[in-house]
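Taken verbatim from TrEMBL:
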| type | residues | note |
| --- | --- | --- |
| ACT_SITE | 210 | active site, proton donor |
| ACT_SITE | 355 | active site |
| ACT_SITE | 459 | active site, proton donor |
| ACT_SITE | 478 | active site |
| BINDING | 564 | Ca(2+) binding site |
């Protein structure tokens with residue numbers, strides 16, 4: 001009897017331990033983030049089909065790599081996590097193979113036309129109400145139907161004051177979208193309003209990065225489209241136009257220049273007052289994206305007006321950041337001290353604080369043809385693949401989880417936390433531009449699966465807990481942008497269905513009395529009274545272009561690229577020419593290396609050319625590149 005009691009006791013103990021483990025981790029038999037649907041992609045076909053549920057732990061799952069790296073970080077569950085089923089997001093695609101083929105293998109022309117019209121109506125509902133209730137203020141509060149400007153009573157409210165400068169932000173940010181939608185008359189009216197009413201002689205302290213991408217970029221884009229001799233949008237020339245938008249852009253850029261003064265590294269201060277320069281109480285810390293994503297707009301301005309100053313300071317900042325990358329991993333951190341060059345934030349990732357730095361290395365090369373830009377991008381991309389990428393080696397084959405890019409310590413590549421943010425959804429689009437379409441397809445599917453669950457992208461999503469960490473969604477465009485670029489690269493109707501899903505979700509969950517509102521909570525769909533300018537400048541623009549096959553941007557002889565704020569700029573030989581001999585003077589190009597452990601930059605100066613055999617060539621053209629070339633002119 002004693003041995004029977006012992007056996008029963010052991011069985012009960014084993015059962016109890018199993019229950020405790022189950023309750024503690026909530027991950028079922030496998031600790032990996034296992035996708036029950038497999039993605040097999042090629043250029044013209046995407047197949048999703050169910051896999052049988054496995055119980056073995058994959059050796060290269062994200063969670064196994066997390067534990068293998070010895071990361072101690074465990075976030076607490078949000079309130080929504082307890083009610084959320086512990087299953088893969090990809091399981092939200094409920095179709096089997098036959099059902100999928102039936103649903104996603106085509107997209108009728110009449111439905112495409114309907115979605116195009118729906119995207120146009122979405123834009124005009126937001127734009128018209130901004131003009132009716134908010135102009136000349138910066139933003140529209142779409143719930144209260146009122147305008148919003150800087151928070152002058154609370155200067156520390158940088159969430160508002162970094163963006164809003166009392167300069168009719170939404171109108172300026174929207175100029176080229178009006179042309180993309182074919183509304184030449186309203187474009188002319190908006191341009192005249194900007195010329196007649198906008199001044200940058202304001203006692204407004206704004207973030208250099210935001211003023212650059214939203215205001216400077218849009219003024220430059222609208223000026224180029226107005227004066228383009230090829231007139232891709234038809235006759236959009238404005239009578240008596242005398243380069244006023246370009247003059248406004250120049251004036252704003254001059255007001256941003258003090259940010260680059262009095263810094264030991266050449267990395268700019270994050271904020272300036274448009275009237276008085278850098279505030280006396282300004283912090284000495286800035287993020288990598290904020291300091292290193294000025295080159296496209298500043299570079300185009302320099303080449304339009306023949307003044308190297310703007311491109312010079314922007315390029316110097318990029319090189320200074322590049323010099324500070326880790327000698328071990330080649331990665332950069334997310335926050336740096338502009339005086340000491342020390343990394344305050346050592347997190348390296350693809351999202352907030354980092355995203356557009358990578359984007360502009362590649363886009364600067366495409367626009368200006370400066371080979372060192374592509375040299376830096378290629379090295380950065382390799383470091384990202386080596387240290388941030390988790391999951392199986394091959395995107396669409398093999399054992400383990402599909403790829404995911406995590407946040408790591410820049411010096412050793414160890415995982416720092418278990419969340420990704422919604423800004424990272426831009427990266428599949430950048431992979432498309434770099435010709436890495438297969439990996440772009442897989443990563444895009446991950447973000448779309450999250451959208452499928454919530455009808456929006458939470459600002460932060462915890463991939464370990466499979467639940468949001470930060471629950472709001474401010475109408476961001478990054479997933480739409482990647483969807484558009486993937487459709488342009490593959491012409492697969494799947495991405496039209498994705499766009500339709502996003503469009504319908506926005507219409508269902510974010511539309512309010514006078515516009516579209518930020519989601520405060522992606523689960524309960526509560527709202528905040530704010531419609532940021534990028535909703536009209538980017539989100540609506542990419543949705544419309546996705547469904548408008550015959551848009552002049554797709555049919556024109558010109559090749560175009562989009563800035564990080566979605567502004568249209570042509571790939572023009574004018575921008576590959578400069579009216580000055582060297583981009584950087586020799587003595588300035590050789591940036592002082594206070595930290596001798598830092599590796600030298602890939603190309604420190606135009607005075608010390610890299611031999612031809614050391615230069616990187618353009619990426620090999622894949623089967624996708626011809627279609628991509630039609631869009632961005634890489635041939």
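Every residue gets a Cβ built from N, Cα and C, even glycine.
Those TrEMBL annotations? Automatic predictions, nothing curated.
Here the features listed in TrEMBL are placed on the structure.
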residue	record	Cβ contacts under 8 Å, 6 or more apart
210	active site, proton donor	162, 163
355	active site	289, 423, 424, 426, 427, 564
459	active site, proton donor	421, 422, 468, 470, 471, 472, 473, 474
478	active site	422, 423, 424, 425, 426, 429, 457
Other CB atoms within 10 A, centred on residue 564 (Ca(2+) binding site): 25
